[in-house]
Amino acid sequence: MNKGLFEKRCKYSIRKFSLGVASVMIGATFFGTSPVLADSVQSGSTANLPADLATALATAKENDGHDFEAPKVGEDQGSPEVTDGPKTEEELLALEKEKPAEEKPKEDKPAAAKPETPKTVTPEWQTVEKKEQQGTVTIREEKGVRYNQLSSTAQNDNAGKPALFEKKGLTVDANGNATVDLTFKDDSEKGKSRFGVFLKFKDTKNNVFVGYDKDGWFWEYKSPTTSTWYRGSRVAAPETGSTNRLSITLKSDGQLNASNNDVNLFDTVTLPAAVNDHLKNEKKILLKAGSYDDERTVVSVKTDNQEGVKTEDTPAEKETGPEVDDSKVTYDTIQSKVLKAVIDQAFPRVKEYSLNGHTLPGQVQQFNQVFINNHRITPEVTYKKINETTAEYLMKLRDDAHLINAEMTVRLQVVDNQLHFDVTKIVNHNQVTPGQKIDDERKLLSSISFLGNALVSVSSDQTGAKFDGATMSNNTHVSGDDHIDVTNPMKDLAKGYMYGFVSTDKLAAGVWSNSQNSYGGGSNDWTRLTAYKETVGNANYVGIHSSEWQWEKAYKGIVFPEYTKELPSAKVVITEDANADKKVDWQDGAIAYRSIMNNPQGWKKVKDITAYRIAMNFGSQAQNPFLMTLDGIKKINLHTDGLGQGVLLKGYGSEGHDSGHLNYADIGKRIGGVEDFKTLIEKAKKYGAHLGIHVNASETYPESKYFNEKILRKNPDGSYSYGWNWLDQGINIDAAYDLAHGRLARWEDLKKKLGDGLDFIYVDVWGNGQSGDNGAWATHVLAKEINKQGWRFAIEWGHGGEYDSTFHHWAADLTYGGYTNKGINSAITRFIRNHQKDAWVGDYRSYGGAANYPLLGGYSMKDFEGWQGRSDYNGYVTNLFAHDVMTKYFQHFTVSKWENGTPVTMTDNGSTYKWTPEMRVELVDADNNKVVVTRKSNDVNSPQYRERTVTLNGRVIQDGSAYLTPWNWDANGKKLSTDKEKMYYFNTQAGATTWTLPSDWAKSKVYLYKLTDQGKTEEQELTVKDGKITLDLLANQPYVLYRSKQTNPEMSWSEGMHIYDQGFNSGTLKHWTISGDASKAEIVKSQGANDMLRIQGNKEKVSLTQKLTGLKPNTKYAVYVGVDNRSNAKASITVNTGEKEVTTYTNKSLALNYVKAYAHNTRRNNATVDDTSYFQNMYAFFTTGSDVSNVTLTLSREAGDEATYFDEIRTFENNSSMYGDKHDTGKGTFKQDFENVAQGIFPFVVGGVEGVEDNRTHLSEKHDPYTQRGWNGKKVDDVIEGNWSLKTNGLVSRRNLVYQTIPQNFRFEAGKTYRVTFEYEAGSDNTYAFVVGKGEFQSGRRGTQASNLEMHELPNTWTDSKKAKKATFLVTGAETGDTWVGIYSTGNASNTRGDSGGNANFRGYNDFMMDNLQIEEITLTGKMLTENALKNYLPTVAMTNYTKESMDALKEAVFNLSQADDDISVEEARAEIAKIEALKNALVQKKTALVADDFASLTAPAQAQEGLANAFDGNLSSLWHTSWGGGDVGKPATMVLKEATEITGLRYVPRGSGSNGNLRDVKLVVTDESGKEHTFTATDWPDNNKPKDIDFGKTIKAKKIVLTGTKTYGDGGDKYQSAAELIFTRPQVAETPLDLSGYEAALAKAQKLTDKDNQEEVASVQASMKYATDNHLLTERMVEYFADYLNQLKDSATKPDAPTVEKPEFKLSSVASDQGKTPDYKQEIARPETPEQILPATGESQFDTALFLASVSLALSALFVVKTKKD
């Protein structure tokens, strides 16, 4: 791709059209005035056009009004007030039902809208009530647009008192989503504007902000615990006077996105959970205008109300232009039987069309130029007429200056009523080889354009002359359609369109082009056509041109593959009245257009896919394995009586959704692998289920084998462009690089794996530009790659893939995106393609506009297999029949007529606007059956506005809330036989309805069935009377009507799953052999309507047994069943292979299920009973023998009153060896290396750290070097050993359980002791802890730490180790039998070492990895306890930040423990350890520096949340920073101490990144206790993040300190002051090294002794001395004791006398009893009451944190224990 295309500046602009504030602009400048960013589309430049067109484009005024016959927003805001923000759909429906019933109009025609009374124009934006935050608001009009001008004033600032403005109704919605769309102009003086939007605003210290200052756009969030802002490269701030279209979305899950003029302002930001939780109840959305000194912000925001604004761009006088001069033109004609075209022999130009005596112009003025690579060329043309219908033009294209040397053949051909314009051959005489490097990209024919050569036109001289065109709009308030009368005079027109039509009162014409052009993003994408007004003589002509085509393109010199090229083609179709309504308009052209348009691959299936949904797998949990999804297909087939289905498999690959992206052929093994997936594909066909998969072509994760440095996208500053961060931190890719380097091969690999049968590929994310060019051309190439494999193309966004896609998720999932980002809002587009796509605005009333009851419906997508936590089966079915059946019914027809009503005023989402509703739509099918859909009222305030009547061939099939609609197609769209034809009945309200049946149904009897998950039930024979039937049935319950009696198809449940009916969907237990009281075993439904087996109230054991089929001999298997046991009675799963029996059981379930995509999670809508779910899988691992004919599985429950629930049985091959190195469930040492995990994170289950969520813990796969330490600054290994480890991403500071074992996975038996060891990686100290608990976990309340746990915090593993560390703990099973172990997220914050954003996420500071878990039963001894304790305590005694007195006591006690006898009892060991724990808790830290608590006051100018105390918190990532508004250099920071304290100097620690506020010159004044001032200065400190020191050269007993930065670094210099830390050092008395001279002398003397016993004693003392020295245990008293002891050794038979010195409690080999006591230091040392979490260097107490950090780290160190010999 030519590099110049990336950097090209706009050379022209065109008029823009939009409707209302927050609009998706319906047309815009083709390119902006700035260089095209990498995010921008890279096609569509039309520099160097013919002079008149270029001039028009260059001089067309920017006008944000949708001027051409678009209704203006009325001043009457007659809709109900919106005060609390948009309501949920459920609330709106409830309100609607509460309204009194309105009497239906007696006339057949719809009720008219009520007339509106104009009102005075008032400001739509108001300043806030708080006086200090008030600005000014004025109304102004400019160039035909009304604005509210918002200004800050002198009383405002840019921190706590900015000018704030609010708009009635603009709030965060009921679901927690915020959407803001503004069109504004910055009227401030250049570089002085500080404007933006506050979201979820509580006050200026608690909010989310998106805005700009002179340095550009940025985001920021603030909360009491976490505040930060964007520090990356910024998008430039708007130019003064420029028009800006700002779009911001903040989703409830914390994802923040923003764009201005369709340019992304930053990559997706995900708010920290703490911030999101803190602000979740805040609803305010405000605009901010800041002031600083004399700089004011002035911004004009376009208003909704544009009524009465005068436009100034329509010429007052008739226009004239050059006359046509054909004196040198030679014309010819080509014609079919119906259409004649007059063509120019010198150039492929059509002068005029004739059809049945009526004419339409083409390009009336002579034109003879082609634009190659945006260079104007006049070709040498050879004309050849092939036959009556066809002519050819051979063009020689030469431009030596631009290396263009090519030939091109263009063919004009008339076919029936069509004109085809085709480039049939292109020869580039430069050497170009697809896939190879080219030396100069100018040699490519990158783009080809015939702009200026209108394919068809209409003249103002013709009666009824009009142009009608469609652009992309996804804003429900704003139609993308333009309807323009072609008159003289008229406004200029030069604009891109997706669809375009010209018409007179006689003829209409439409144009299709395969141009994949983008004139920009938003409404300017997919602009395949260009409409242009040209004045010729005394007439105005509006012509439709094909936009530019793309041909040969490259990426950094690598030519794109051959398949990316597509020969340019365009077609014109001309028609008379096509819909027999006795008039000609665009609708006739649109009907004819279907005969020339492209048809997206797979479009014929769309109408029959009625039951779309997502089956979700995530985070290694395999919630919906492939073959279980097959059972879901069968269940829906029964419940819908055979409607077609579409199942999108999110998480088909790797470890589930958003794992392993780009490796498309990596089929998820834990959900069944390739074999099960192929089985699903094959078996689903029978039920008309179309399967698709979710992929990502925009970002990748380190685990993927396609993750490599070359494909990754970088920001301008060289940093990586980060994407989604959930299981792993993703990085965006460069899509152009990917295309040039073999992306196609990945699709081909997938096809090879799966073969045929997969229906569609859903491309996630693509379209938001995060991988670069995602515009029309790039998207079409991607779709071609997918189509080439035989797959249908689907996409995420409503605007994405308009040319090729048949399914758009954000259009279909109505809760997504907000009102500005929904389906396509264009009546023209929907008219043309309603039957081909699920891309439309659906019925979601709170969005308003087109979403308030569209007549043709629109897909409404729900789910019951885990996506978004949706597992409400009944809700899914109800929604399907309430919304989707009729939507799909209409798609079996094509639209033939569309009638709009009178504009109505709507108010929602903070906007008041006009909307023109469609009132009547006609549709026909191939058999000429006619459907008419009519809205009952044009009055938006009437309930009948939201009701329709539908007739089929004049017979009513829907009336308001009820329909009885014929359905004559099977699940695959084939016509049903007459006896199988049916009608679906559904009514959202109860009550009787009467229906006229078609004549061929009007027999005496018909048969009605209630539809349930068991199929057709409760048969009713109904009598037909006078051709009518009356139905009085349940509300929201589907029924089906047949002519004759019907039966249900036989279902073979759970094919390939080795058991019949794994999910109890059959409704019967007859396939089980039941022992015990069978009546106590029954199938019941959960709160989410999920079928379960329940055993309850049994007086004896109840067992259900079934054979496992299809097993392989001598093969290892795993089987699990979900179980929720509310009883203390044992519930078991047992497998008997005929040779061996394995059993696993659980007593009362103790762990709630927090797995969001699991149908049995503990959300109320999915709960088992009582609004909770304790469902967890219970496993049995077994190995088959040689005979597999009689392998049985048994589910059983012992006697008990309470209930036990079972569901989802799954059996599959598994090669784990966890039990004593054997596979089968059994005794022995348990080992889990995570290399062969069956499913989930066995033996752990997910804890409540995130609530019910898509868990951020998963099995991480190794991809060296990218998942390992070192790459991109990564601090820890994601995979510790082998290919897999268990990874938790980013769950720090949660004070909750990450994961835990449960007894059914590993049982810590009562009274038995186990050694638990594992290797781990942790990115920060003490953020995660190993915990031991029993019973149900009880989390701490209100953010406090859980109290019922034995907790061992774990230190980081990378600052002092080159590999993972090992932890060892002893666990004794409680008598209750419900002990468990797990990993806990503490309340401690991570330390990101100055990194932030994606870097902090990627590098692992917030992560925890586990591997090589081992649980070994041991016979507990005192020695084990002492050895384990020593591992925990030795790191603590090595620390140097505690006082000598407190540490010596601990050292001596630890040494005593190290010398304990091997046979020390358990009780004695525990007693000794308790003493040590008390001494450890009593440690006192040294005071090395002043801390915040030492000061009586800290006073300094500061930005909110960035006060001076931050410089004393020990956290390098928090800052003291003066006001961001600047101006605080030279202002003092004053620190007053509580009492005079000795200090010796200052260490200034600058911020870790950036320069703003870094001190350059400083003045430091220290006032001592006598009042004397000591002044120090420093100058020219360098601008870096290294510490800077001022050494006082003396000790000062300070009472007050004043620090002033007189010169600083940063933006502009001398604006701010900042510091990460201010460390005022305290004098330290150096600890005197231990005096060993006495010991050495005694040792020298003792070494001369000759008695063997003495020699052994000396050796023992030496060993003990070495052990104490090596392990930092030596104290003065110990040295003194050792010396005294040695001095008393003599060569004699007598024992030495007792030493004269009082000694600690040592146990040396020659000492049999205690001869001294360890002093009770705990009585002497008072522990501070509040152990703050502060850096040790500051001297602040932090006992638990620091000591656990040290003690646990020893578990990863080698221990050298001296074994002393007894006397």
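Note: Cβ is positioned from N, Cα and C throughout, glycine not excepted.
Taken from Swiss-Prot, the feature signal peptide applies to 1-39.
Per Swiss-Prot, the feature compositional bias 'Basic and acidic residues' maps to 63-75 (among others).
For 84-111 (among others), the entry in Swiss-Prot reads compositional bias 'Basic and acidic residues'.
According to Swiss-Prot, the compositional bias 'Low complexity' annotation covers 112-124.
Look at Swiss-Prot and you will find 127-137 (among others) tagged as compositional bias 'Basic and acidic residues'. For the compositional bias 'Basic and acidic residues' (127-137), same-chain residues at least 6 beyond its ends with a Cβ under 8 Å from one of its own Cβ atoms are 148-153, 155-156, 161-166, 286, 289.
As annotated by Swiss-Prot, compositional bias 'Basic and acidic residues' applies to 304-324 (among others).
Taken from Swiss-Prot, the feature substrate binding site covers Asp658, and the record attributes it to a curator's inference. Note: Asp658 (substrate binding site) has non-local neighbours Phe618, Gly651, Asn696, Tyr701, Trp724, Trp726, Leu727, Gly730, i.e. same-chain residues 6+ apart with C-beta under 8 A of its own C-beta. The secondary structure of Asp658 (substrate binding site), as reduced to three states from DSSP, is coil rather than helix or strand.
Under the heading Ca(2+) 2 binding site, Swiss-Prot lists Asp1233, Glu1235, Glu1281, Trp1284, Asp1411. Counted within 10 Å of its Cβ, the other Cβ atoms near Asp1411 (Ca(2+) 2 binding site) come to 24, all protein chains included.
Here the binding-site residues are Asp1233, Glu1235, Glu1281, and the one with the most other Cβ atoms within 10 Å of its Cβ is Asp1233.
Same-chain residues with CB within 8 A of the center of the Asp1233, Glu1235, Glu1281, Trp1284, Asp1411 CB atoms, the Ca(2+) 2 site residues themselves not counted, are Phe1234, Val1279, Ile1280, Gly1282, Asn1283, Ser1285, Asn1412.
Across the compositional bias 'Basic and acidic residues' (304-324), the DSSP tally of helix, strand and coil residues reads 0 helix, 0 strand, 21 coil. A simple way to gauge crowding: the CB of Trp1284 (Ca(2+) 2 binding site) has 21 other CB atoms within 10 angstroms, across all the protein chains here.
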